[in-house]
Amino acid sequence: MGVANKRSLAYGCYQALQAQGAQLILTYQNERFKKSLSQFIDEDVQLVECDVADPENVKTAFATIKAQVGSIDGIIHAIAYADPEALSGETTDADLDAFEKAEVISVYSLISVAKYGREIMNDGGSIVTLTYMGSERAIPNYNIMGIAKAGLEATVRYLARDLANQNIRVNAISAGAVKTLAVTGVKDYSKLIELSNSRTVDGEGVTIQEVGNTAAFLLSPLATGLVGDTIYVDKGTHLM
Ligand SMILES: NC(=O)c1ccc[n+]([C@@H]2O[C@H](COP(=O)([O-])OP(=O)(O)OC[C@H]3O[C@@H](n4cnc5c(N)ncnc54)[C@H](O)[C@@H]3O)[C@@H](O)[C@H]2O)c1
């Protein structure tokens, strides 16, 4: 869930999972994204509409997936949104509407995805979401999205506890900064990426392939020991 274009972190996940022979289904937000996907995604990959702003859409999307394939083994949730006006200045500038929107799309969506996804998920399944270090540190302009990511990481822990009775694992990847559509909403995002890259072990930013490979690992039985965790995949930025 969350491939917008070839720069998307979810596209790195798509590529990594495809390399492992997974059968993939992509969900897209609306027709505009579907059009974009159809230009570079293999024709045999199923595309299902799912605007997570309304949980009813999530319910419908998983019902559609059930009708098409029966059951699934994993979900990658790579979705977040906040109005660009809320991703600049100070946290007190954000109004309640902007805050609620960010929480609904970036946090509650993981709950609704888990709620309806678990109904069609096989024993031993795995759910992975994408988060960012702005959950723990006050990153310039990240503001309410940092608060949302803190909520998302807490959501991962609670879902991990609750889905354990179905033998489904839930984890998060905390990715380093990568230039994607979502990041361009953050004011001065180029500076953020530059600073982030300058603090990696070799001065080069993490790639979407590296993020995707970790996602493929987390979906696989190699990661059965990882439950409710947030794993940094940022080439060391969080340490420096
Ligand atoms: N790019 C980074 O530096 C970075 C770092 C750490 C974490 N992340 C996280 O990775 C995830 C993926 O973002 P990305 O950077 O690949 O950007 P992206 O713009 O490629 O992907 C964001 C996706 O969210 C989807 N989305 C937004 N609102 C939606 C809605 N209402 N319903 C359904 N889908 C919706 C968009 O359609 C898009 O596919 C996000 O959670 C983001 O916060 C990104």
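Any Cβ shown, glycine's included, is placed from N, Cα and C.
TrEMBL labels come from automatic prediction, so no person has curated them.
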Listed in TrEMBL for the NAD(+) site shared with GLY2, ASP51, VAL52, ILE79, LYS149, VAL178, LYS179, THR180, LEU181, ALA182, one of GLN23, GLN29: GLN29
Rounded inter-Cα distance in Å - GLY2 (NAD(+) binding site), TYR142 (active site, proton acceptor): 20
Candidate recorded positions ALA82, TYR132, TYR142, pick with smallest Cα gap to VAL178 (NAD(+) binding site): TYR132
ASP51, TYR132, THR180, ALA182 screened against ALA82 (substrate binding site), Cα within 10 Å - retained recorded positions: ALA182
